[in-house]
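Reading through the structure tokens given below for one structure.
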Amino acid sequence: MFFRYVMSLCAIAVLAGCATGGGQNAGSVGIRMSDVDGNVFSGKSSSRFGLSSPNDMWERVQRGFSMPDLDNAIVRDREAWYTRNPNSVSRMLGRSDKYLFHVVEELERRRMPTELALLPFVESAFNPQAVSSAKAAGMWQFIPSTGKQYELAQNRFLDDRRDVLRSTRAAMDYLQRLYTMFGDWHLALAAYNWGEGNVQRAINRNIAAGRGTSYEELNMPQETRQYVPKLQALKNIIRNPATFNTALPNVANHPYFDQVKISRDIDVSMAARLAEISVDDFKALNPSLNKPMVIASLTPRILLPWEAAPRFRENLARLGNNRLASWTLWTAPTTMTVAQAAEQVGATEEQLREINRIPPRMMVRAGSSLMVPRPDWHNTEISSAVARSSSISFAPEVVLRRITLKAQDGDTIASFAARVGVPAQDVASWNRTSTNASLEADEAVVLNLPQTQASRLLNQQRAEEALAARAERLAQRQRQREESIVRVSSRKSSARTRDAEKEADTRPARSKANRNEEPSARGKAASREDERTTRRGKNAPKEDARPVKEKAAADDSRTAKGKPVRDDARSKRRADPEDRPERKDASRASDKAANRRAKGAEEAPAKARSAASDKPGRSGKNADKPAKDARTSGKEKNDKPARKGK
């Protein structure tokens with residue numbers, strides 16, 4: 001028992017000596033124990049193990065490196081690139097001084113490798129305003145869908161993917177989830193860049209092919225293939241900056257910014273003035289704001305430089321209840337142009353377009369919420385419900401065109417407006433009259449309509465006028481045709497009447513003694529031929545003066561020789577200038593009738609003689625002779641003077 005007591009006293013003495021003279025060794029032992037346990041150091045954990053926090057932020061980052069190193073040709077290539085571009089590296093490292101402390105604090109609090117604090121260098125060069133071609137935004141480069149999955153708000157007034165605090169929190173949640181899924185930080189980083197589904201499918205393909213599933217063994221896109229080597233190259237530069245001819249900027253191991261609560265809407269410019277900093281410095285710490293005003297219901301905390309936060313609180317208290325915001329929300333009652341909206345809210349068109357990001361040649365739809373100047377009497381803050389539900393939508397700007405349309409007979413302003421589909425009040429206003437005013441036929445009515453509607457109505461009116469003009473032309477042609485027919489009929493009727501009158505006037509006078517005498521058919525035809533010759537005038541061809549019998553014999557001789565019988569009267573009639581078509585028709589009809597009568601007259605004597613020879617008691621020297629041809633005998637009989645009837 002005594003021996004045990006002595007040994008205890010010796011042990012206490014030895015431990016006391018170690019505590020006073022070997023603090024650095026004890027600290028190093030503590031670091032190794034932490035590394036074995038997988039813990040990542042923070043300021044609090046360092047003090048817990050008796051370690052003093054480093055004065056430089058880069059030293060603190062290096063102490064937390066715990067990911068396995070990657071060594072390949074791609075890593076060396078990226079190291080060479082960073083070495084050749086020292087200015088780019090310096091800008092990137094200098095931009096990180098505002099956010100690096102907070103990122104490392106969050107990583108240490110979650111016991112995650114501090115190599116992840118270098119991930120924003122790879123993603124965005126530590127630029128919260130960076131936007132990729134895939135619409136990824138913020139220094140952690142969240143695409144819209146993943147941002148919504150991790151509760152990063154994206155609306156007109158703010159985009160939490162750019163918010164320093166909220167985006168960092170979402171990135172740590174996402175990386176922890178990926179590490180839990182794959183159990184390897186390199187695979188987790190590949191999934192952060194390429195997507196966890198793609199990485200999992202690549203792993204499954206390698207398993208099916210009997211290959212390994214490490215980061216370097218997977219088949220992946222070139223961007224993802226270089227993703228982890230970029231991070232490894234930056235890790236090597238931070239760990240040995242002199243080797244790569246790089247000077248690390250001095251980043252204090254101290255918070256750069258402080259959070260300040262606000263309860264009232266405040267302009268960005270007012271907040272910067274109260275904090276006594278520039279607007280650019282304010283926006284650098286509050287990059288999620290999309291408008292020149294901070295809506296307290298959506299952003300109840302703002303970030304200010306550590307030393308500026310107390311000044312802001314002090315200056316804000318001095319203002320009391322004075323107005324802090326010069327903007328508010330206004331809902332458009334109808335679809336209108338930006339100029340009309342600006343006139344209603346007392347702003348300029350340029351102001352509304354700039355603050356609400358309204359594209360050119362666009363109108364604001366009804367129900368859209370616009371940020372407009374806040375009146376002096378308006379002290380109500382914008383509620384969270386109104387801000388989150390507000391939206392803005394646009395419609396193509398309507399270009400009005402002044403046109404005139406023709407009214408119809410019996411139209412009024414109201415009926416005309418209803419026909420063209422325009423409010424009657426607008427039509428009356430444009431024409432400075434009342435809605436019940438009467439319009440005359442073809443009276444011009446002024447309209448101010450959108451380009452498409454105006455063109456449609458003008459084309460419709462032109463089509464109607466073209467149809468009406470065509471119908472009028474057709475009706476005119478029909479009237480002209482009918483008038484022509486009437487004129488021709490009238491001329492024919494007049495010609496027939498004149499011919500009948502002239503024929504009656506030139507008919508040879510008959511004596512009372514010869515009234516019952518029946519002239520032969522050829523004599524009647526010759527008489528009518530004489531009458532036509534007399535009508536034609538002095539230039540009419542004269543009848544052959546030869547006797548009828550000699551003329552007939554001459555005609556028969558020409559017929560026997562095969563020559564056509566010459567009709568002098570008809571050939572002369574063709575050349576007669578007075579021989580009009582209507583007279584020609586009447587003359588031909590008269591000739592045909594005369595020929596028919598003459599033929600009947602020629603055949604009548606032959607028929608009579610034939611009938612007489614067929615009677616019984618025929619005798620004499622001609623009894624045995626055959627009867628002559630009726631045509632010949634008739635012709636011979638016609639050569640003789642006609643006998644008078646008894």
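Glycine is treated like the rest: Cβ placed from N, Cα and C.
Sequence annotations record features per position, and here TrEMBL assigns compositional bias 'Basic and acidic residues' to 476-485 (among others). In the compositional bias 'Basic and acidic residues' (476-485), the DSSP tally of helix, strand and coil residues is 10 helix, 0 strand, 0 coil.
Annotation comment: TrEMBL describes 496-606 (among others) as compositional bias 'Basic and acidic residues'.
The compositional bias 'Basic and acidic residues' feature in TrEMBL is assigned to 615-646 (among others).
Residues or ranges marked as domain 'LysM' in TrEMBL: 403-447. Sequence-distant contacts of the domain 'LysM' (403-447) (same chain, at least 6 residues past either end, Cβ-Cβ under 8 Å): 453-454, 457-458, 461.
According to TrEMBL, the region 'Disordered' annotation covers 476-646.
Taken from TrEMBL, the feature signal peptide applies to 1-26.
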Across the whole of the domain 'LysM' (403-447), what does the mean pLDDT come to? Round it, please.
91
